[in-house]
Amino acid sequence: MPSIAMIGLGNMGSRMGGRLRDAGHVVHGSDVVDGRAAQLGLEPAAGTGAATAAADIVLLSLPSDAAIATAMAGPDGVIGAARPGQLVIDLSTATPGNAARWERELEARGAAFLDAGISGGPGGADAGTLTLMVGGRAELIERAQGVFDVIGSRVFHCGAAGAGHATKVVNNYLNGMNLAATAEALVVGVKAGLDPRQLLEVINASTGANWASEHRFPRIVEGDYIEGGLTNALMAKDLDLYLGLADALDVPAALGAACRTTFTVAMATGYRDRVSNTVVDAIGDLAGGVRVQPDGDRPKDTT
Ligand code: NAD
């Protein structure tokens, strides 16, 4: 069974690392926050380089392009420690155009690279039912299959290096748009005097139904914001990746820009590091304190 390095032990990395450990892999964990690996019951590594040196397969789950660049190409990075035969898989949501560089630099050291966007959030990571959107050389997927089987239930090979990230970025634009649009619509409906539970039931039986209305808002209107999922800051980052991709391709993305502004408002009004489902409260605040939970069912504190 290949040993694993898990670089980045946040909401997603901790869960995927835990599942791989439970499946019998030795998992060497590394995070800029000291002590995370030990806390999670993973093998603590002295840093990214040490975790890489100890592993057959290196996984990254990091919050930004800058963090990925540090972990990959920094002084204690994956590339410097990589050796022939190793496979490195970036499970972060990141700029598609950077993937070719990681592939090239890892191949120069005899190692290999895949970019793999993941969808399904912390629930999917806990259950091992993530959807994986993979870019890179097709023959590498077989080598990664053992890991993919533990963390996911569907694997799509989307094309060459960067195609996995591009697929994820396009998908997450729609994820953010569904969330922001449904949040705004519910705030309008509640302020118009409608019952939020019934409004949602009607939407979900009608043409307005979408992933957020079907899977997120039935819990949000009961006061469960589904903590642990993507924060507003990370959603904004994903929308920036989408807008960057659209801009590079000369595609006008006016709706994407409006969606980004909605999450900018959430970040600027105190919800930056809260789960992105709280965008509905950010919109509600601007609307004069509207909450989409029926009166009396509101959570006292959703932090
Ligand atoms: P997170 O912020 O919870 O975790 C990121 C972790 O990386 C943190 O523990 C941080 O300390 C660590 N880190 C930062 N820089 C580092 C470095 N240079 N070396 C080692 N560790 C470093 O983020 P998350 O929610 O786990 O998301 C991780 C990635 O997965 C992001 O790109 C996100 O967009 C993507 N993603 C998240 C979700 C979700 O629902 N949370 C779903 C799909 C994809």
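Cβ atoms here come from the backbone N, Cα and C positions, even for glycine.
Predicted automatically and left uncurated, TrEMBL annotations should be read as such.
Sequence annotations record features per position, and here TrEMBL assigns domain '6-phosphogluconate dehydrogenase NADP-binding' to 3-159.
According to TrEMBL, the feature domain '3-hydroxyisobutyrate dehydrogenase-like NAD-binding' maps to 162-277. Mean pLDDT for the domain '3-hydroxyisobutyrate dehydrogenase-like NAD-binding' (162-277) in the predicted structure: 97.
In sequence order, T93, G117, I118, S119, M133 are the residues of the chain that are 6 or more apart from K168 (active site) and have a CB within less than 8 Å of its CB. The active site feature in TrEMBL is assigned to K168.
For the recorded site, K168 (active site), the DSSP three-state label reads helix.
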